Each structure stands twice: as structure tokens, then as C-alpha cells.
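What follows is one structure encoded as C-alpha cells, with my remarks underneath.
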Amino acid sequence: MEENQTMVTEFILLGFCLGTRIHLALFGLFSLCYTFTLLGNGVILGLIYLEFRLHTPMYFFLANLALVDIAYACNTVPQTLVNLLDPGKPISFTGCMIQTYLFMTFGSTECLLLVVMSHDRYVAICYPLHYTVIMNWRVCTILAVASWIFSFLLVLVHLVLILRLPFCGPHEINHFFCEILSVLKLACADTTLNKIIIFTASVFILVGPLCFVLVSYTRILMAILRIQSKGGSRKAFSTCSSHLCVLGLYFGSAIIMYVAPKSQHPEEQQKILFLFYSFFSPMLNPLIYSLRNTEVKGALRRAMGKETHSQLV
């Protein structure tokens, strides 16, 4: 019995079980997405830091979102790219646990930040005269810090519960990163408690925030419909609709993964859903939330103009 309980020291990520040519094509596509993610979010962070006009609560939360997206991508994408080139390369047990912990932490933080951002927009549009009083810097800092700290502590519970489990083989994870549900399948013990905690936490961190976001945007849309200017109303509606599309995809895919019955979603389909988290959502967020914004475009033009002027001088 003791021989059968030998602890696993490393895992093999099976990733995408496709041919070599497709792996190379995916490597190129994912590398491109990864580059755009780092560049897009890096530009947003740089502009918000350098441009005094962007030192407002809205851009403060956008900077936090950009930081989460960079961390999100850096946690999973490099390992995925390595596995596409070398499918047999293992990941250590410690490295796998760290990746699992960070993935869930950054995911939870992003959910909470999206809630905070929707509340910020709700106050700005529905109570513009009281905005600076309600969303003062002290409140904004507390909301941002609380989102990070709460996420780290919440996911720490999952980590403690998974570390108590024995892993005695097999050591092949049918995923492109150490996703917690895929890791639990390899445990040599009952994982019912883990799954119950994951489901409960998912309802709390996904369904609850989604309802709050939907209520906030519903009130925002109602306020937009009362705007007299057709141009202003159309622009605001366009912005809110793009935000809602991204939010729907983000929360929807997460709810499908962690709340909906698993029997309806094959493992290969789950991998496709997780691609949105790891690759496309961090890449789209700068475009949807920031780079379409007039103030950000102006800050970018001014920054590029200064750089061009300094090169000429």
C-alpha cells in the first residue's frame, strides 16, 4: 500500500492532442496573442502612469485590470507555448500548484475588479454631481486593495485543501495548464469536499458579481436613454454594449466551467473555453475598456508626439 502511495513529483500537461503542424500554427497564434496582450496592457499602464489627466478613479481601476491581465497571461501562456513545442516536458508538482493558485487568484481578482468598475461607471453616469465625493481616492484604494487581498485569501483555501490530497499517479493532466478540476482528477483520495468548496466559491465569485454588474449596467442604460443628445446617447450605448459583450463572455464561460454540470461539457470543449480566459480576454480588455476611449487615444497621441519631438531634437 505504501508503494502505491508514492508521491508524484511532476506532471505532464497533455495540452492539445493534435499534429505537429497544428501545434506550430497554434504556437504562432498564441505567441501573437501573448505579445499583443503584454503590449496592449503595458501601454495602458504606461499611459495612466505618465498622463496626469488619466489620474482618475476610472483609470485607476483600469490600471489594476491591466495588471491582472498581464499577470494572468504570464501565468499560463509561457507554459502552454513550451508544451506546444515540447509536449513531453514536465512541470514540477510545486510549479503546478503555484500555477493553479495564481490562475484562480487572478481570475477572482478580475471578477471583483469588473464589479468595482461597473459600480464606478454607475455612480459616474447616474450621480455625476456626487461622483467625486462617493468615489474618492480613499474609497477607490480600499476597493482595489480589498479585491486583491480577498482573492488571495479565498483561493488559499482551495490550495490548502488540494495540498492535503495524495497524488500517486497517473501524472498526466489533460489540459494545457494546471487547472484545478483537471488536477483533482489525479488525486488518489476523495475530492468531494474540494468540489463542493469550488462550486460554492464559484457561485459567490461569479454568479453574485455577475448579478451586481447586470443591475449596474441596467441602471446605466436606463440613464443613457434619458440623455437628450442623440450623439451622446449613441456613444454611451455603444460603449456599454461592448462592455456587456466582454462581461458576458468572461462570466458566461466561467460559470459554464465551474457552476454548470460537467457532464455536458467534454474536456476538449473545456479547453476551448479556457482559451478565452488565458489568451483572448486579456488581449481584448485593453481594446474594449481603454484604447477605444477618447482620453486614452489623446494621451497616446501626446506620448507619441513627445517621443517623435525628442528624437528630432
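Just so it is clear, glycine is given a Cβ too, placed from its N, Cα and C backbone atoms.
Keep in mind it's a predicted model, so treat the numbers as computed, not measured.
Here is what TrEMBL says about this protein:
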DOMAIN    40-289  domain 'G-protein coupled receptors family 1 profile'
TRANSMEM  24-50  transmembrane segment
TRANSMEM  57-78  transmembrane segment
TRANSMEM  98-118  transmembrane segment
TRANSMEM  139-163  transmembrane segment
TRANSMEM  196-215  transmembrane segment
TRANSMEM  236-260  transmembrane segment
TRANSMEM  272-291  transmembrane segment
Query = With the transmembrane segment (196-215) as the reference, which stretch in 24-50, 139-163, 236-260, 272-291 has the largest tally of C-beta pairs below 8 Å?
reply = 236-260
Request  = With a Cβ cut-off under 8 Å, give me the same-chain residues at least six positions beyond the ends of the transmembrane segment (139-163) that come close to it.
outcome  = 57, 60-61, 64, 97, 100-101, 104-106, 108-109, 112-113, 116, 120, 180, 183-184, 187, 193-194, 197-198, 201, 205
